[in-house]
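Novice: Quick one: this structure, given as structure tokens, is what I'll be asking you about.
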Amino acid sequence: MAIVVVIVAYGIQRGIELAVKVMVPAIIVITIGMAAYAFTLEGAGDAYEYYLSPEWGVIATEWTSILPAAAGQAFFTLSLGMGIMITYASYLGEDRNLAEDGAIIIGFDTAIAFITGLIVFPILFTAGIDPADPGAGAIFVSLAAAFGDLALGWLIGAVFFGTVAIAALSSAISLMEVVVAYLIDERGVDRRVATVAIGLALFLLGIPSAYDLVLLDLFDLFADQILLVLGGLLLMVFVGWALADLAVDELSRGIGDLGSLGSAWIWAVRVPVVVVLFVALVLGVLDYYDFLTGPFADWVAD
């Protein structure tokens, strides 16, 4: 948290932009390197077959659990529903092509996620660990145990979790900047004062999640499957119905005249996108209720 506070306190260009220019390429290079290493592991063949052969029947029957989890994952990795994109967009020039920028971000995010699967599953299969273990425990427990069974596992594990730490750091920077930017623009608070205050508050709020993985899941599921999706849903309703003309105008500034595509895009936001997000939100709430009455209730009882 101290690192995040220092970076955000230095501002957009001297702090956040400089840090991201270092962290993002580092994540890409290390991820590709670890994927090449995972390819050499004994369990790589079986892992790739498992990873690249989806069971469509299971997907069809378990979609009510998969949809909210997928929505939460997508919203978190793409920084949607939490004000990050809105905050960063305010720093962009008027002539930026938002559609092109969005496509690049989605492409890189999907590629890194796919390559990460090429790393994780070979490691788990080589160590003989069940890859079906869900939740945060999959990375903090299962993978940690798997690295212990590999040659030079301590080194590979350090590199892997170091990459995870860099990714977490970049996310924390973006999340803090949203609140700091609000305090600066709307309340006139000094950037350094706002950054230190928010950093301290976030540190204190994060202490319970370090106590037990169940508490981590308690916050993680609530944020991913409910808060982020709800934020995205409300934003789509607001943009699609209250700011439709302004939204099309902003999008067309970088792309050019959208013509009839502008109306088609707005109606896609108004109906299909809103419906899918609403269904994902309802399923996420139900899934969270099952967690509260299941694993969390058992943890409280113990």
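Glycine residues also receive a Cβ, built from the backbone N, Cα and C atoms like all the rest.
Just so you know, TrEMBL annotations are computer predictions that nobody has curated.
TrEMBL lists 18-39, 70-91, 103-125, 196-219, 226-244, 264-286 with the feature transmembrane segment.
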Novice: For the transmembrane segment (264-286), give me same-chain residues lying six or more residues beyond its boundaries with a C-beta closer than 8 angstroms to one of its C-beta atoms, as numbers and ranges.
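Specialist: Contacts of the transmembrane segment (264-286) (Cβ under 8 Å, skipping residues fewer than 6 from its ends): 64-65, 67-68, 71-72, 221, 224-226, 229-230, 232-233, 236-237, 239-241, 244, 247-248, 251, 258.
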Novice: With a Cβ cut-off under 8 Å, give me the same-chain residues at least six positions beyond the ends of the transmembrane segment (103-125) that come close to it.
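Specialist: Beyond its ends, the transmembrane segment (103-125) has Cβ neighbours at 27-28, 31-32, 34-35, 37-39, 41, 43-44, 46-48, 50-51, 77-78, 131, 142-143, 146-147, 150, 156, 160.
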Novice: In the same chain, who gets a Cβ under 8 Å from the transmembrane segment (70-91) while lying at least 6 residues past its ends?
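Specialist: For the transmembrane segment (70-91), the list is 12, 98, 105-106, 109, 113, 171, 174-175, 177-178, 181, 221, 223-225, 227-233, 235, 277, 280, 284.
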